[in-house]
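According to TrEMBL:
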type	residues	note
REPEAT	106-139	repeat 'TPR'
SITE	186	site 'Important for autoinhibition of adenylyltransferase activity'
CARBOHYD	227	N-linked glycosylation site
DOMAIN	233-369	domain 'Fido'
BINDING	264-267, 315-322, 332-333, 340	ATP binding site
ACT_SITE	311	active site
(Lines of atoms letter the chains of each structure in order from A; the text may use other names.)
(Lines give C-alpha, C1' and ligand atoms only; values in the text may rest on other atoms or scores of the structure.)
Protein backbone atom coordinates (compact mmCIF):
# COMPACT_ATOMS: atom_id res chain seq x y z
CA UNK A 1 0.00 0.00 0.00
CA UNK A 2 2.83 2.43 0.87
CA UNK A 3 4.63 1.63 -2.37
CA UNK A 4 1.46 2.36 -4.35
CA UNK A 5 1.08 5.72 -2.59
CA UNK A 6 4.68 6.72 -3.33
CA UNK A 7 4.30 5.73 -6.98
CA UNK A 8 1.19 7.84 -7.35
CA UNK A 9 2.79 10.80 -5.63
CA UNK A 10 5.82 10.99 -7.93
CA UNK A 11 4.51 9.64 -11.24
CA UNK A 12 1.10 11.26 -11.45
CA UNK A 13 1.74 14.42 -9.49
CA UNK A 14 2.77 16.29 -12.60
CA UNK A 15 -0.21 15.07 -14.66
CA UNK A 16 -3.02 15.31 -12.11
CA UNK A 17 -1.67 18.02 -9.93
CA UNK A 18 -3.38 18.30 -6.61
CA UNK A 19 -5.95 15.61 -7.56
CA UNK A 20 -3.29 12.90 -7.68
CA UNK A 21 -3.10 12.34 -3.96
CA UNK A 22 -6.89 12.17 -3.68
CA UNK A 23 -7.17 9.64 -6.51
CA UNK A 24 -4.40 7.59 -4.93
CA UNK A 25 -6.30 7.44 -1.64
CA UNK A 26 -9.52 6.45 -3.43
CA UNK A 27 -7.78 3.68 -5.37
CA UNK A 28 -6.15 2.30 -2.23
CA UNK A 29 -9.51 2.29 -0.44
CA UNK A 30 -11.11 0.45 -3.36
CA UNK A 31 -8.40 -2.21 -3.32
CA UNK A 32 -8.83 -2.64 0.44
CA UNK A 33 -12.58 -3.15 -0.03
CA UNK A 34 -12.17 -5.67 -2.86
CA UNK A 35 -9.60 -7.88 -1.11
CA UNK A 36 -12.19 -9.76 1.06
CA UNK A 37 -14.31 -10.32 -2.03
CA UNK A 38 -11.34 -11.88 -3.81
CA UNK A 39 -10.87 -14.21 -0.83
CA UNK A 40 -14.54 -15.23 -0.97
CA UNK A 41 -14.24 -15.85 -4.70
CA UNK A 42 -11.29 -18.20 -4.26
CA UNK A 43 -13.04 -19.95 -1.35
CA UNK A 44 -16.01 -20.52 -3.64
CA UNK A 45 -13.72 -21.89 -6.33
CA UNK A 46 -11.95 -24.26 -3.91
CA UNK A 47 -14.90 -25.62 -1.89
CA UNK A 48 -18.28 -25.08 -3.52
CA UNK A 49 -17.44 -25.68 -7.17
CA UNK A 50 -15.99 -29.20 -6.49
CA UNK A 51 -19.09 -30.08 -4.45
CA UNK A 52 -21.35 -29.00 -7.30
CA UNK A 53 -19.28 -31.03 -9.77
CA UNK A 54 -19.38 -34.02 -7.38
CA UNK A 55 -23.17 -34.19 -7.16
CA UNK A 56 -23.60 -33.40 -10.84
CA UNK A 57 -21.10 -36.11 -11.82
CA UNK A 58 -22.70 -38.82 -9.65
CA UNK A 59 -26.15 -37.99 -10.98
CA UNK A 60 -24.79 -37.87 -14.53
CA UNK A 61 -23.08 -41.24 -14.13
CA UNK A 62 -26.26 -42.89 -12.88
CA UNK A 63 -28.44 -41.26 -15.57
CA UNK A 64 -25.97 -42.33 -18.24
CA UNK A 65 -26.11 -45.93 -17.04
CA UNK A 66 -29.91 -45.87 -16.91
CA UNK A 67 -30.08 -44.44 -20.45
CA UNK A 68 -27.83 -47.26 -21.63
CA UNK A 69 -29.97 -49.91 -19.97
CA UNK A 70 -33.33 -48.44 -21.01
CA UNK A 71 -33.11 -45.87 -23.84
CA UNK A 72 -36.90 -45.41 -23.80
CA UNK A 73 -36.70 -43.88 -20.36
CA UNK A 74 -38.31 -46.71 -18.38
CA UNK A 75 -37.24 -48.14 -15.07
CA UNK A 76 -35.26 -51.00 -16.50
CA UNK A 77 -35.36 -54.61 -15.34
CA UNK A 78 -33.34 -57.78 -15.66
CA UNK A 79 -35.51 -58.75 -18.60
CA UNK A 80 -34.68 -55.63 -20.62
CA UNK A 81 -31.45 -53.79 -21.25
CA UNK A 82 -29.20 -52.41 -23.92
CA UNK A 83 -27.97 -55.91 -24.73
CA UNK A 84 -24.50 -54.64 -25.49
CA UNK A 85 -21.94 -56.35 -23.26
CA UNK A 86 -19.43 -53.55 -23.72
CA UNK A 87 -21.99 -50.92 -22.77
CA UNK A 88 -23.05 -52.95 -19.74
CA UNK A 89 -19.44 -53.29 -18.63
CA UNK A 90 -18.93 -49.54 -19.00
CA UNK A 91 -22.12 -48.88 -17.03
CA UNK A 92 -20.89 -51.25 -14.32
CA UNK A 93 -17.58 -49.39 -14.02
CA UNK A 94 -19.29 -45.98 -14.01
CA UNK A 95 -21.65 -47.04 -11.22
CA UNK A 96 -18.80 -48.43 -9.14
CA UNK A 97 -16.98 -45.13 -9.64
CA UNK A 98 -20.09 -43.20 -8.58
CA UNK A 99 -20.40 -45.31 -5.42
CA UNK A 100 -16.73 -44.74 -4.62
CA UNK A 101 -17.48 -41.01 -4.65
CA UNK A 102 -20.77 -41.37 -2.76
CA UNK A 103 -21.39 -44.78 -1.08
CA UNK A 104 -24.96 -43.74 -0.11
CA UNK A 105 -26.06 -42.87 -3.65
CA UNK A 106 -29.35 -44.80 -3.69
CA UNK A 107 -29.97 -44.64 -7.45
CA UNK A 108 -26.48 -45.98 -8.18
CA UNK A 109 -26.92 -48.81 -5.64
CA UNK A 110 -30.22 -49.84 -7.20
CA UNK A 111 -28.99 -49.57 -10.78
CA UNK A 112 -25.80 -51.53 -10.05
CA UNK A 113 -27.93 -54.19 -8.36
CA UNK A 114 -30.03 -54.50 -11.51
CA UNK A 115 -26.90 -54.93 -13.62
CA UNK A 116 -25.61 -57.60 -11.23
CA UNK A 117 -28.93 -59.43 -11.60
CA UNK A 118 -28.34 -59.55 -15.34
CA UNK A 119 -24.88 -60.92 -14.61
CA UNK A 120 -26.51 -63.68 -12.47
CA UNK A 121 -25.00 -62.37 -9.22
CA UNK A 122 -28.32 -62.36 -7.39
CA UNK A 123 -26.81 -62.49 -3.89
CA UNK A 124 -24.73 -59.35 -4.34
CA UNK A 125 -27.60 -57.60 -6.13
CA UNK A 126 -29.91 -58.36 -3.20
CA UNK A 127 -27.28 -56.98 -0.81
CA UNK A 128 -27.15 -53.70 -2.77
CA UNK A 129 -30.96 -53.41 -2.71
CA UNK A 130 -30.92 -53.99 1.05
CA UNK A 131 -28.24 -51.33 1.48
CA UNK A 132 -30.27 -48.90 -0.63
CA UNK A 133 -33.36 -49.52 1.52
CA UNK A 134 -31.34 -48.83 4.67
CA UNK A 135 -30.82 -45.23 3.50
CA UNK A 136 -34.42 -44.29 2.53
CA UNK A 137 -36.65 -47.26 3.53
CA UNK A 138 -39.42 -46.24 1.12
CA UNK A 139 -37.51 -46.30 -2.17
CA UNK A 140 -40.05 -47.92 -4.47
CA UNK A 141 -37.65 -49.27 -7.06
CA UNK A 142 -35.36 -50.83 -4.45
CA UNK A 143 -38.40 -52.39 -2.71
CA UNK A 144 -39.66 -53.95 -5.93
CA UNK A 145 -36.20 -55.24 -6.82
CA UNK A 146 -35.58 -56.73 -3.38
CA UNK A 147 -38.99 -58.44 -3.41
CA UNK A 148 -37.84 -60.07 -6.64
CA UNK A 149 -34.44 -61.24 -5.39
CA UNK A 150 -35.16 -62.13 -1.76
CA UNK A 151 -36.83 -65.52 -2.45
CA UNK A 152 -34.00 -66.48 -4.80
CA UNK A 153 -31.33 -65.56 -2.25
CA UNK A 154 -33.09 -67.47 0.53
CA UNK A 155 -33.25 -70.53 -1.72
CA UNK A 156 -29.52 -70.23 -2.50
CA UNK A 157 -28.66 -69.94 1.20
CA UNK A 158 -30.81 -72.94 2.15
CA UNK A 159 -29.24 -75.00 -0.65
CA UNK A 160 -25.80 -74.17 0.74
CA UNK A 161 -26.93 -75.32 4.19
CA UNK A 162 -27.94 -78.61 2.57
CA UNK A 163 -24.41 -79.02 1.23
CA UNK A 164 -23.09 -78.46 4.76
CA UNK A 165 -25.46 -81.13 6.12
CA UNK A 166 -24.26 -83.69 3.59
CA UNK A 167 -20.62 -83.01 4.43
CA UNK A 168 -21.36 -83.26 8.15
CA UNK A 169 -22.91 -86.69 7.52
CA UNK A 170 -19.78 -87.78 5.66
CA UNK A 171 -17.54 -86.49 8.43
CA UNK A 172 -19.56 -88.27 11.13
CA UNK A 173 -19.04 -91.55 9.29
CA UNK A 174 -15.23 -91.26 9.57
CA UNK A 175 -13.84 -93.79 12.09
CA UNK A 176 -12.58 -92.11 15.24
CA UNK A 177 -9.28 -93.96 14.93
CA UNK A 178 -8.46 -92.23 11.65
CA UNK A 179 -4.90 -90.89 11.77
CA UNK A 180 -5.86 -87.45 10.46
CA UNK A 181 -7.93 -86.82 13.56
CA UNK A 182 -4.80 -87.03 15.70
CA UNK A 183 -3.01 -84.08 14.12
CA UNK A 184 -1.78 -80.95 15.87
CA UNK A 185 -4.33 -78.19 16.31
CA UNK A 186 -3.69 -75.28 13.95
CA UNK A 187 -2.55 -72.17 15.78
CA UNK A 188 -1.60 -74.10 18.91
CA UNK A 189 1.64 -75.83 19.85
CA UNK A 190 -0.19 -78.57 21.77
CA UNK A 191 -1.03 -81.81 19.98
CA UNK A 192 -4.35 -83.55 20.50
CA UNK A 193 -2.63 -86.24 22.55
CA UNK A 194 -1.12 -83.56 24.79
CA UNK A 195 -4.52 -81.88 25.10
CA UNK A 196 -6.09 -85.19 26.11
CA UNK A 197 -3.31 -85.70 28.66
CA UNK A 198 -3.95 -82.25 30.18
CA UNK A 199 -7.73 -82.72 30.31
CA UNK A 200 -7.64 -86.26 31.70
CA UNK A 201 -4.82 -85.91 34.25
CA UNK A 202 -4.69 -82.14 34.93
CA UNK A 203 -0.88 -82.49 34.87
CA UNK A 204 1.17 -79.96 32.90
CA UNK A 205 3.07 -80.97 29.77
CA UNK A 206 6.79 -80.15 30.18
CA UNK A 207 8.18 -77.54 27.82
CA UNK A 208 4.81 -76.05 26.92
CA UNK A 209 3.33 -72.65 27.74
CA UNK A 210 1.34 -72.61 30.98
CA UNK A 211 -1.00 -70.02 29.45
CA UNK A 212 -1.85 -72.37 26.56
CA UNK A 213 -2.48 -75.26 28.91
CA UNK A 214 -4.74 -73.15 31.13
CA UNK A 215 -6.75 -72.07 28.06
CA UNK A 216 -7.23 -75.75 27.13
CA UNK A 217 -8.64 -76.48 30.59
CA UNK A 218 -10.88 -73.39 30.38
CA UNK A 219 -12.29 -74.31 26.96
CA UNK A 220 -12.87 -77.91 28.07
CA UNK A 221 -14.81 -76.71 31.12
CA UNK A 222 -16.90 -74.34 29.03
CA UNK A 223 -17.71 -77.02 26.43
CA UNK A 224 -18.68 -79.53 29.12
CA UNK A 225 -20.98 -76.94 30.65
CA UNK A 226 -22.60 -76.26 27.27
CA UNK A 227 -23.11 -79.96 26.52
CA UNK A 228 -24.63 -80.82 29.90
CA UNK A 229 -26.71 -77.81 30.97
CA UNK A 230 -27.66 -75.54 28.09
CA UNK A 231 -30.92 -77.11 27.01
CA UNK A 232 -32.75 -73.92 28.00
CA UNK A 233 -30.46 -70.93 28.02
CA UNK A 234 -30.59 -68.08 30.53
CA UNK A 235 -28.26 -65.13 31.09
CA UNK A 236 -26.52 -66.86 34.00
CA UNK A 237 -25.61 -69.74 31.67
CA UNK A 238 -23.78 -67.34 29.35
CA UNK A 239 -22.00 -65.81 32.34
CA UNK A 240 -20.99 -69.28 33.53
CA UNK A 241 -19.57 -70.10 30.08
CA UNK A 242 -17.51 -66.92 30.18
CA UNK A 243 -16.36 -67.64 33.74
CA UNK A 244 -15.01 -70.99 32.57
CA UNK A 245 -13.41 -69.53 29.44
CA UNK A 246 -11.42 -67.09 31.61
CA UNK A 247 -11.31 -69.37 34.65
CA UNK A 248 -7.53 -69.63 34.92
CA UNK A 249 -6.43 -66.88 32.54
CA UNK A 250 -8.42 -64.07 34.23
CA UNK A 251 -10.55 -65.31 37.14
CA UNK A 252 -11.42 -61.76 38.27
CA UNK A 253 -13.21 -60.76 35.06
CA UNK A 254 -14.56 -64.23 34.30
CA UNK A 255 -18.36 -64.38 34.47
CA UNK A 256 -18.82 -60.63 34.99
CA UNK A 257 -20.48 -58.10 32.69
CA UNK A 258 -18.23 -55.18 31.88
CA UNK A 259 -18.70 -51.95 33.83
CA UNK A 260 -16.96 -49.61 31.39
CA UNK A 261 -17.59 -48.51 27.82
CA UNK A 262 -15.50 -50.27 25.17
CA UNK A 263 -14.91 -49.63 21.47
CA UNK A 264 -14.45 -52.37 18.86
CA UNK A 265 -13.15 -50.89 15.61
CA UNK A 266 -15.88 -48.63 14.22
CA UNK A 267 -18.53 -50.35 16.34
CA UNK A 268 -19.61 -48.84 19.66
CA UNK A 269 -21.20 -51.58 21.82
CA UNK A 270 -24.09 -50.74 24.16
CA UNK A 271 -23.47 -48.77 27.34
CA UNK A 272 -22.80 -50.89 30.45
CA UNK A 273 -26.12 -49.77 31.93
CA UNK A 274 -27.95 -51.36 28.97
CA UNK A 275 -26.10 -54.69 29.00
CA UNK A 276 -28.59 -56.61 31.14
CA UNK A 277 -31.48 -55.62 28.86
CA UNK A 278 -29.55 -56.61 25.73
CA UNK A 279 -28.53 -59.94 27.27
CA UNK A 280 -32.15 -60.69 28.22
CA UNK A 281 -33.21 -59.95 24.64
CA UNK A 282 -30.46 -62.25 23.34
CA UNK A 283 -31.58 -65.08 25.61
CA UNK A 284 -35.22 -64.60 24.61
CA UNK A 285 -34.21 -64.92 20.97
CA UNK A 286 -32.09 -68.03 21.66
CA UNK A 287 -35.10 -69.76 23.21
CA UNK A 288 -37.60 -68.51 20.62
CA UNK A 289 -39.34 -70.65 18.03
CA UNK A 290 -37.71 -68.56 15.31
CA UNK A 291 -34.20 -69.54 16.44
CA UNK A 292 -35.13 -73.21 16.82
CA UNK A 293 -36.34 -73.38 13.21
CA UNK A 294 -33.09 -72.04 11.78
CA UNK A 295 -30.37 -74.22 10.29
CA UNK A 296 -27.71 -74.93 12.96
CA UNK A 297 -25.02 -73.04 11.02
CA UNK A 298 -27.30 -70.05 10.54
CA UNK A 299 -28.34 -70.10 14.19
CA UNK A 300 -24.71 -70.34 15.36
CA UNK A 301 -23.65 -67.44 13.13
CA UNK A 302 -26.51 -65.23 14.34
CA UNK A 303 -25.85 -66.12 17.98
CA UNK A 304 -22.17 -65.32 17.58
CA UNK A 305 -22.93 -62.01 15.84
CA UNK A 306 -25.51 -60.92 18.43
CA UNK A 307 -23.13 -61.64 21.31
CA UNK A 308 -20.21 -59.85 19.65
CA UNK A 309 -22.50 -56.90 18.85
CA UNK A 310 -23.44 -56.54 22.54
CA UNK A 311 -19.83 -57.26 23.60
CA UNK A 312 -20.85 -57.88 27.22
CA UNK A 313 -17.39 -58.72 28.58
CA UNK A 314 -14.10 -56.89 28.79
CA UNK A 315 -12.27 -59.92 27.38
CA UNK A 316 -13.21 -63.35 26.04
CA UNK A 317 -16.08 -62.36 23.73
CA UNK A 318 -16.22 -65.01 21.03
CA UNK A 319 -12.98 -66.79 22.05
CA UNK A 320 -14.56 -70.21 21.79
CA UNK A 321 -16.03 -69.37 18.38
CA UNK A 322 -12.68 -68.22 17.06
CA UNK A 323 -10.99 -71.42 18.27
CA UNK A 324 -13.60 -73.65 16.63
CA UNK A 325 -14.16 -71.84 13.33
CA UNK A 326 -10.58 -70.82 12.50
CA UNK A 327 -11.59 -67.40 11.23
CA UNK A 328 -9.53 -65.17 9.03
CA UNK A 329 -9.54 -61.97 11.07
CA UNK A 330 -9.70 -59.42 8.25
CA UNK A 331 -12.62 -61.05 6.43
CA UNK A 332 -14.30 -61.74 9.77
CA UNK A 333 -14.35 -58.07 10.79
CA UNK A 334 -15.40 -57.01 7.29
CA UNK A 335 -18.42 -59.28 7.56
CA UNK A 336 -19.15 -57.96 11.07
CA UNK A 337 -18.90 -54.38 9.81
CA UNK A 338 -21.38 -55.16 7.02
CA UNK A 339 -23.73 -56.71 9.56
CA UNK A 340 -23.51 -53.63 11.76
CA UNK A 341 -24.70 -51.58 8.76
CA UNK A 342 -27.97 -53.50 8.58
CA UNK A 343 -27.45 -56.73 6.60
CA UNK A 344 -26.37 -59.71 8.72
CA UNK A 345 -26.65 -62.28 5.90
CA UNK A 346 -23.08 -61.80 4.55
CA UNK A 347 -21.81 -62.69 8.04
CA UNK A 348 -23.96 -65.84 8.06
CA UNK A 349 -22.58 -66.80 4.64
CA UNK A 350 -19.05 -66.19 5.90
CA UNK A 351 -19.54 -68.52 8.88
CA UNK A 352 -21.10 -71.06 6.49
CA UNK A 353 -18.06 -70.85 4.22
CA UNK A 354 -15.69 -71.28 7.19
CA UNK A 355 -17.67 -74.33 8.31
CA UNK A 356 -17.56 -75.83 4.83
CA UNK A 357 -13.80 -75.23 4.52
CA UNK A 358 -13.25 -76.94 7.88
CA UNK A 359 -15.37 -79.91 6.79
CA UNK A 360 -13.59 -80.12 3.43
CA UNK A 361 -10.20 -80.08 5.16
CA UNK A 362 -11.22 -82.99 7.38
CA UNK A 363 -12.71 -84.92 4.46
CA UNK A 364 -9.59 -84.40 2.34
CA UNK A 365 -7.39 -85.60 5.19
CA UNK A 366 -9.46 -88.67 6.00
CA UNK A 367 -10.51 -89.97 2.57
CA UNK A 368 -8.71 -91.07 -0.55
CA UNK A 369 -10.91 -88.92 -2.79
CA UNK A 370 -10.32 -85.21 -3.18
CA UNK A 371 -12.99 -82.74 -2.17
CA UNK A 372 -13.31 -79.47 -4.07
CA UNK A 373 -12.62 -76.57 -1.78
CA UNK A 374 -14.80 -73.45 -2.19
CA UNK A 375 -13.25 -71.02 -4.62
CA UNK A 376 -10.73 -73.48 -6.05
CA UNK A 377 -10.48 -74.05 -9.77
CA UNK A 378 -11.48 -77.42 -11.13
CA UNK A 379 -8.37 -77.39 -13.31
CA UNK A 380 -5.99 -76.49 -10.49
CA UNK A 381 -3.90 -79.40 -9.28
CA UNK A 382 -3.61 -80.13 -5.59
CA UNK A 383 -0.66 -82.50 -5.14
CA UNK A 384 -1.16 -82.81 -1.38
CA UNK A 385 -4.91 -83.49 -1.42
CA UNK A 386 -4.55 -87.28 -1.10
CA UNK A 387 -1.95 -87.14 1.64
CA UNK A 388 -2.90 -87.42 5.27
CA UNK A 389 -1.74 -84.91 7.84
CA UNK A 390 1.46 -85.92 9.69
CA UNK A 391 0.73 -87.65 12.97
CA UNK A 392 2.35 -86.95 16.31
CA UNK A 393 1.41 -90.22 17.98
CA UNK A 394 1.84 -90.56 21.72
CA UNK A 395 2.13 -94.19 22.77
CA UNK A 396 -0.52 -95.34 25.18
CA UNK A 397 -2.72 -92.29 24.72
CA UNK A 398 -6.19 -92.88 23.41
CA UNK A 399 -7.35 -89.97 21.27
CA UNK A 400 -10.92 -89.51 20.18
CA UNK A 401 -12.03 -87.67 17.08
CA UNK A 402 -13.67 -84.91 19.05
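All residue numbers here begin at 1 and follow the chain in the order shown.
Placement of Cβ uses the backbone N, Cα and C atoms for every residue, glycine included.
Feature map: TrEMBL annotations on the structure.
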{"residue": "264", "record": "ATP binding site", "DSSP class": "strand"}
{"residue": "311", "record": "active site", "DSSP class": "coil"}
{"residue": "317", "record": "ATP binding site", "DSSP class": "coil"}
Cβ neighbours within the same chain of residue 264 (ATP binding site) - under 8 Å, at least six residues apart: 308, 311
For residue 317 (ATP binding site): intrachain residues, at least 6 apart, with Cβ closer than 8 Å: 307, 308, 311
266, 311 as recorded positions, winner by CB count within 10 A: 311
Within the repeat 'TPR' (106-139), residues counted as helix, strand or coil by DSSP: 26 helix, 0 strand, 8 coil
Residues near residue 315 (ATP binding site) in space but at least six apart in sequence (CB under 8 A): 246, 250, 253
Whole-number mean of pLDDT values that fall within the repeat 'TPR' (106-139): 85
